[in-house]
């Protein structure tokens with residue numbers, strides 16, 4: 001790839017990057033990733049912090065052999081499935097159509 | 001935690017069925033050879049050899065990722081760990097599932113969309129080529145070396161537990177099995193490339209998931225599907241613990257005094273849970289699975305399905321761990337840390353008899369060998385691609401495939417010799433250390449590369465080498481190396497300073513150094529950031545006008561691939 005070509009390519013990437021459509025995609029993507037990550041990992045760090053520093057709370061019996069610690073374990077396992085499902089769904093609905101449009105335009109220009 | 005040749009205390013092996021295990025292993029090896037032979041035509045270009053033509057479907061790729069988390073330590077040792085330490089060990093197992101979600105949220109789609117073969121292909125979009133490639137190679141090859149050593153040790157552990165009945169370690173036998181399995185794995189990778197590795201991983205995952213599912217049903221059936229009875233029995237039959245916590249209570253690993261000769265509890269166990277969650281995804285041989293997907297969307301999908309399947313799989317592991325102590329009672333659960341991996345075979349023996357351990361032994365050997373193959377091809381990828389790029393070489397595809405095949409042999413043999421030579425040491429520490437590097441080197445450099453406009457070459461250097469040095473120095477002074485008679489590599493020595501998982505401290509150091517390095521350098525590449533963002537979010541590649549097209553026509557590559565991915 002010649003220097004001239006790659007400089008031209010760079011200009012085209014920059015033009016797309018500065019377009020309003022891409023700004024919308026970037027904003028959506030960042031917001032989604034940020035919120036899902038913060039919620040998911042926030043819950044995990046809360047769980048393990050409670051396990052480390054509030055053993056009495058975790059050992060509080062609920063019924064039979066179940067206690068609060070086991071409940072939090074179920075919730076964190078469940079949160080994996082829920083988070084993944086929600087993220088995949090939202091990404092497909094909110095990010096993929098727009099990103100596909102931008103890609104098709106960018107790759108299509110040259111024919 | 002466990003070792004092969006380092007003389008653990010004797011244990012009477014009442015479970016192994018070596019003859020049957022050998023037959024099963026030979027049959028599986030033959031099946032795998034057939035599988036690998038069937039794809040050997042698909043190794044003609046570097047893309048085909050290293051990345052299976054970037055044409056692995058989302059579902060099979062998800063299955064291979066599940067297989068990547070099924071290690072000797074996360075399955076067989078974990079079951080013994082849970083049988084002994086209950087709730088606190090359960091959190092350790094769940095942490096691996098939590099860590100896999102990072103793949104869905106951050107790693108999968110951008111890495112695949114940017115394309116290429118290694119982390120270096122992301123780094124070079126803004127950093128200078130040569131240092132960026134060397135940084136990528138350094139990260140990949142350090143983790144590669146540690147994982148090769150520890151996975152070869154795992155082969156030895158399987159050989160010792162399942163293919164042998166002596167109460168002490170039969171050293172020549174175990175070393176022989178390690179070497180033989182290593183040679184077979186090198187042959188698999190040489191013949192089948194990534195297409196072969198992918199199929200081996202799928203095959204082993206199916207076998208292991210089936211085995212675990214059957215065992216889980218057998219355990220539950222013993223309790224007439226009543227979880228409450230199972231938990232009650234587990235709690236009642238558990239060996240006592242010096243912390244005073246019952247099996248399902250918080251405290252067996254968290255409370256004060258649970259870490260040998262340390263005043264840092266409960267931070268010790270907490271730091272492990274944090275590091276696995278943020279660093280587990282950062283192992284190059286694992287996130288390389290995203291590069292073989294067809295596109296960014298399928299990479300994300302496969303990561304997502306893998307997380308879900310993993311979550312379900314580890315529920316079964318937890319039931320098996322608790323079921324083991326419930327069924328076997330305290331006297332049969334292995335309290336000595338070196339023997340934790342004997343709890344599962346004892347449970348299997350109790351449920352089905354010795355023949356089942358013969359089958360499980362064969363499955364376990366294949367499972368470990370498959371990981372070895374995945375790790376080997378990742379090392380070869382980085383060694384060939386990053387080093388060639390760093391040296392400014394751009395060989396023709398046919399010549400490069402020759403390079404790659406030679407590297408499979410050279411790197412394979414070198415790590416086989418190293419791994420066998422290190423077998424007498426407790427090398428288990430290399431798994432947490434790799435995870436720490438994932439947290440302190442890969443995660444910061446990836447996040448900065450993807451999200452920070454200002455990030456530059458010096459920032460990258462400081463993150464990668466600073467995070468790596470900080471981690472490795474702390475590991476040397478951690479209880480995995482000395483100062484702990486059960487878990488340390490040099491159990492007789494004591495120059496330990498910290499008990500915390502090093503990544504807990506080195507991850508913030510990696511982030512901080514990346515920041516400082518970046519802001520102290522004037523280099524700035526806004527156009528590179530724009531290109532990276534557009535490619536990472538959309539997967540767009542602007543076709544390069546002439547040369548690559550002509551080249552791909554020569555080698556007869558399929559047309560479906562975009563030209564700029566072919567170089």
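Backbone N, Cα and C atoms are what each Cβ position is placed from, and that goes for glycine too.
TrEMBL does not curate its annotations; it predicts them automatically.
Note that the structure is predicted; figures quoted are calculated from it, not measured.
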Range annotated as transmembrane segment in TrEMBL, from B:359-383, B:534-558:
B:359-383
TrEMBL annotation of transmembrane segment - which of the ranges B:231-252, B:429-450 it falls on:
B:429-450
Which residues of the same chain, at least 6 past either end of the transmembrane segment (B:462-482), have a Cβ under 8 Å from a Cβ in it?
135, 138-139, 142, 259-260, 262, 428-429, 432-433, 436-437, 440-441, 444-445, 448, 488-491, 493-503, 505-507, 509-511, 513-514, 516-518
Based on Cβ pairs under 8 Å, which of the stretches B:15-36, B:171-189, B:404-423, B:502-519 lies most in contact with the transmembrane segment (B:201-221)?
B:15-36
For the transmembrane segment (B:359-383), sequence-distant contacts whose Cβ falls under 8 Å of one of its Cβ atoms, 6 or more beyond its ends:
16-18, 20-25, 27-29, 32, 50, 64, 67-68, 70-72, 75-76, 117-118, 120, 136-137, 140-141, 144-145, 147-148, 151-152, 154-155, 158-159, 161-163, 181-182, 184-186, 188-189, 193-194, 196-197, 200-201, 203-204, 207-208, 211, 284-285, 288, 344-345, 348, 404, 407-408, 411-412, 415
Would the transmembrane segment (B:308-330) count as touching the transmembrane segment (B:57-83), if touching means at least three Cβ pairs under 8 Å and pairs must be 6 or more apart in sequence?
yes
Stretch with greatest number of CB pairs under 8 Å, the transmembrane segment (B:502-519) reference, B:15-36, B:89-111, B:171-189, B:267-287 candidates:
B:267-287
Same-chain residues at least 6 beyond the ends of the transmembrane segment (B:57-83) whose Cβ lies under 8 Å from its Cβ atoms:
1-2, 89-90, 92-93, 96, 100, 103, 151, 154, 157-158, 198, 201-202, 204-206, 208-209, 212, 238, 285-286, 289, 292-294, 298-299, 301-306, 309-310, 313, 317-318, 320-322, 324-325, 328, 333-334, 339-344, 347, 364, 367-368, 370-371, 374, 428, 431
Hey, does the transmembrane segment (B:171-189) touch the transmembrane segment (B:132-159), meaning at least 3 C-beta pairs closer than 8 angstroms, sequence gap 6 or more?
yes
